[in-house]
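Q: Pasting a structure below so you can have a look.
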Amino acid sequence: MSAIQNLHSFDPFADASKGDDLLPAGTEDYIHIRIQQRNGRKTLTTVQGIADDYDKKKLVKAFKKKFACNGTVIEHPEYGEVIQLQGDQRKNICQFLIEIGLAKDDQLKVHGF
């Protein structure tokens, strides 16, 4: 009878979450790249979901130099720290993040138009 009660307490998925801590920071979350229309033909590109392990100000500096655009880090009440760049930089950001190894292709979610 005690053997049967032991079966009830066995959880086959108890160890399923082990090993997740071996993944690099931010791999379980998506990086969202959005575009927002401003006045006229002007647009803003926002990048949200980059792990806190990375210095966002240094990333903005690299984006500004590589893409020849202006950018800043803003504090969004819902999304936390968000990188904001002038112009439509969605493809450039995707290529750059994959190139430097910050994200994989399946982690990037591109929104807009």
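Positions of Cβ are set from backbone N, Cα and C atoms, glycine also.
Because the structure is a prediction, the values reported are computed rather than measured.
This is the feature table in Swiss-Prot:
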type    : residues : note
MOD_RES : S2       : phosphoserine
MOD_RES : S2       : N-acetylserine
MOD_RES : S9       : phosphoserine
SITE    : R41      : site 'Binds 40S ribosomal subunit'
SITE    : K65      : site 'Binds 40S ribosomal subunit'
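Structural setting of the listed features?
A: Take the CB of R41 (site 'Binds 40S ribosomal subunit') and look out to 10 A: across all protein chains shown you find 7 other CB atoms. DSSP assigns R41 (site 'Binds 40S ribosomal subunit') to coil in the three-state reduction, placing it in neither a helix nor a strand.
Reduced to three states, the DSSP call for K65 (site 'Binds 40S ribosomal subunit') is helix.
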Q: Take the C-alpha atoms of R41 (site 'Binds 40S ribosomal subunit') and K65 (site 'Binds 40S ribosomal subunit') and report the distance between them in angstrom, rounded.
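A: With distance taken Cα to Cα, K65 (site 'Binds 40S ribosomal subunit') is 23 Å from R41 (site 'Binds 40S ribosomal subunit').
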